[in-house]
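A short worksheet on the structure shown next.
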Protein chains: 2
Amino acid sequence: MDLWYTEKHSENVGITLKATRTLFSGKSPFQQLDIIETLEYGRMMLLDGLVMVTERDEFVYHDMISHPALFTHPCPKRVLVIGGGDGGSIREIMKHATVEEAVLCEIDGLVIEKSIELLPSMACDIDGSNPRVTLHVDDGLAYIREHQDAFDLILVDSTDPIGPAVGLFEEDFYRLVHGALKKDGIMVAQSESPFYHAEIQKNMYRNLRNVFPIVEMYQAFIPTYPSGLWSFAFASKQYHPVRDFDKARAAARPFHTRYYNEDLHLGAFMLPTFARENIAP
Amino acid sequence: MDLWYTEKHSENVGITLKATRTLFSGKSPFQQLDIIETLEYGRMMLLDGLVMVTERDEFVYHDMISHPALFTHPCPKRVLVIGGGDGGSIREIMKHATVEEAVLCEIDGLVIEKSIELLPSMACDIDGSNPRVTLHVDDGLAYIREHQDAFDLILVDSTDPIGPAVGLFEEDFYRLVHGALKKDGIMVAQSESPFYHAEIQKNMYRNLRNVFPIVEMYQAFIPTYPSGLWSFAFASKQYHPVRDFDKARAAARPFHTRYYNEDLHLGAFMLPTFARENIAP
């Protein structure tokens, strides 16, 4: 059988991957979850038919949602991840010795359960083995409402602004995140493709600027995401990701990163003109 | 009819685009040429079944093969493009007032002819209307052998190292290019995807380092190319693309660029770790 999985990135373009088998397919109260085995990208998790992570290119996303903020904040101790039930972001956070506690707040327990079972290279620190990690199967909004002034970093590792994540792109949510951060805290959120999602970006960055004094976009290349060019929003109360970045500390990191490095940290903020224009104030 | 064009980037992954019609399909002595109309990316040119350019994302490739070298060299006057029969590179070169003559040396006259006819937004300066542009339908190797010490910049706007372009990735060719450049000349060549083509890059950059004292890789994101992450080799006799870059001159450019800008010029050389590792000496 010649099995191909095609994700349409719009009505008229998509990526197609040869697959060998479906490892899991099921419906949670929140969404459809599928994990399939592909030949080129290894195991791949889909939520409502959209690629979330693959084993081959997840290193880019997880390096880039975590290390830029972790190396900008001078001493991150308490970190919250909203979403990110595959565990990849937590795995990267755990590489930072300053971090005393990382909390994962994922709305969908099935994502966590199946990641532990089928994506162990990502879920290695959310399987109960790491005492610095706490899991909450809960709505991110509810959780941060009850945990104000609590975190150095909050990473919003969400799906697209359709389905369960729609509220995570709105100003009210960013106000709650702002409150849940300590006085010098930083939020990072995935912010879609500058090539395909100009309108979403425009609204999202306007909302963020209404709440945070420092808001910058940075880019990463993720081959299985629409267009291959992806972006993250860096929203901060005090530290600027370029001006306050301690390049020497990042260069001396005691672990290997296949995507992130101290030069790329700076380069990621140097955007193509069209991406700048998407979010021009 | 629901018509989709799928380009496989390997045996197991590809991009798929909804198409409406074929504008041209024919065989030259060198290769199969197809130009089709897609809904998401506009008109698309294929050589031997591989996407060369599309109307929607060609601005990235053509900005990035041309402007980094044009803004690094203090006064580029004579520029040679090898390949590039669609005319997009020549169009960007023509935006630089210092350039007195640009020569296009394309082996396949059919590519030029059909680009003028069907891709006029790219071919606008190779249609005979621009007195600063000279066309040669000729083998690039033969041409540069007869034009030594002649150019400030040579852009190798080639296909992949299979088919007619295979010789354009070899050390003998780079020696000829070196000879065809003036004493402070610069060569730029497309250098494939760091994500998929590590082995090609390794050989190509080793060959380049055997010939040029300054060899750097830089990146650009091109959604219709394999993986979306593409790269270019900057090989230079004297000027370094970061240390000798005149940022103020680039910032004061009298034309709009949708991808390139003076910050991105620098960021493009700040590579992901895995890309650096592909070409580590």
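In case you wondered, yes, glycine gets a Cβ from its N, Cα and C as well.
Curation does not apply to TrEMBL; its annotations are automatic.
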Among B:Gln31, B:Gln238 - the residue TrEMBL places in the same S-methyl-5'-thioadenosine site as B:Glu106, B:Asp139, B:Gly140, B:Pro164: B:Gln31
Identity of the spermidine-site residue among B:His62, B:His240, B:His256 (reference: B:Asp86, B:Asp157, B:Ser158, B:Thr159, B:Asp160, source: TrEMBL): B:His62
Residue from B:Gln31, B:Glu106, B:Asp139, B:Gly140 whose C-alpha is spatially nearest that of B:Asp160 (spermidine binding site), among the binding-site residues: B:Gln31
Sparsest-packed among the binding-site residues, when each Cβ's other Cβ atoms within 10 Å are tallied, from B:Asp86, B:Asp160: B:Asp160
Binding-site residues near B:Pro164 (S-methyl-5'-thioadenosine binding site) (Cα-Cα within 10 Å), from B:His62, B:Asp86, B:Ser158: B:Ser158
C-alpha spacing of B:Thr159 (spermidine binding site) relative to B:Gln31 (S-methyl-5'-thioadenosine binding site), in angstrom: 11
B:Ser158 (spermidine binding site) and B:Asp139 (S-methyl-5'-thioadenosine binding site), distance between Cα atoms, whole Å: 12
Under 8 Å by Cβ from B:His62 (spermidine binding site), same chain, sequence gap 6 or more: B:Gly88, B:Ser89, B:Arg91, B:Glu92, B:Met122
